[in-house]
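Marked as Ni(2+) binding site by TrEMBL: His2. Feature annotation from TrEMBL assigns Zn(2+) binding site to Cys73, Cys76, Cys89, Cys92.
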Amino acid sequence: MHELSICESLVTIMEEEAERQKFTRVKRVCLEIGPFSGVEIDALRFSFEIAVRGTVAEDAVLDIEQPQTEAKCMVCGNKMAVEDHFAICPHCGSGQLQASGGNMLRIRALEVI
């Protein structure tokens with residue numbers, strides 16, 4: 001379960017930012033996670049609850065955005081939004097798609113006090 005190590009890294013970042021920017025609590029953490037990041041969202045939410053105990057983010061709300069990723073069909077050139085590796089081109093039925101991006105995991109915002 002690499003989601004726990006991801007959450008531990010998030011806590012480290014939040015603790016460092018709290019010290020650097022002089023805030024005491026994180027109220028909300030907004031993450032952007034791509035569909036090809038390999039992150040299991042439910043496991044991440046569970047791990048987040050464990051990782052934030054006793055930290056500046058202990059009672060923080062975790063918001064996760066999962067933007068769609070664009071892919072191009074290598075057969076017909078059609079462009080479409082995809083959510084996973086198993087997408088099929090709706091125009092020609094090909095499974096030969098090339099996605100652009102979608103593997104990101106980033107902190108979009110921290111709401112702090």
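Glycine residues also receive a Cβ, built from the backbone N, Cα and C atoms like all the rest.
Positions of the features from TrEMBL, shown on the structure.
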residue : record              : DSSP class
His2    : Ni(2+) binding site : helix
Cys73   : Zn(2+) binding site : strand
Cys89   : Zn(2+) binding site : coil
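Cβ neighbour count for Cys76 (Zn(2+) binding site): 12 (other Cβ atoms within 10 Å of its Cβ, all protein chains included).
In the structure as shown, the Cβ atom of His2 (Ni(2+) binding site) sits within 10 Å of 12 other Cβ atoms.
Excluding Cys73, Cys76, Cys89, Cys92, which define the Zn(2+) site, the same chain contributes Met74, Val75, Gly77, Asn78, Pro90, His91, Gly93, Ser94, Gln96 within 8 Å (Cβ to the Cβ centroid), listed in sequence order. The binding-site residues considered are Cys73, Cys89, Cys92; of these, Cys92 has the fewest other C-beta atoms within 10 angstroms of its C-beta.
Cα to Cα, Cys92 (Zn(2+) binding site) and His2 (Ni(2+) binding site) are separated by 37 Å.
Note: the CA-CA distance between Cys89 (Zn(2+) binding site) and His2 (Ni(2+) binding site) rounds to 31 Å. Here His2 (Ni(2+) binding site) is positioned 31 angstrom away from Cys73 (Zn(2+) binding site), judged by their C-alpha atoms.
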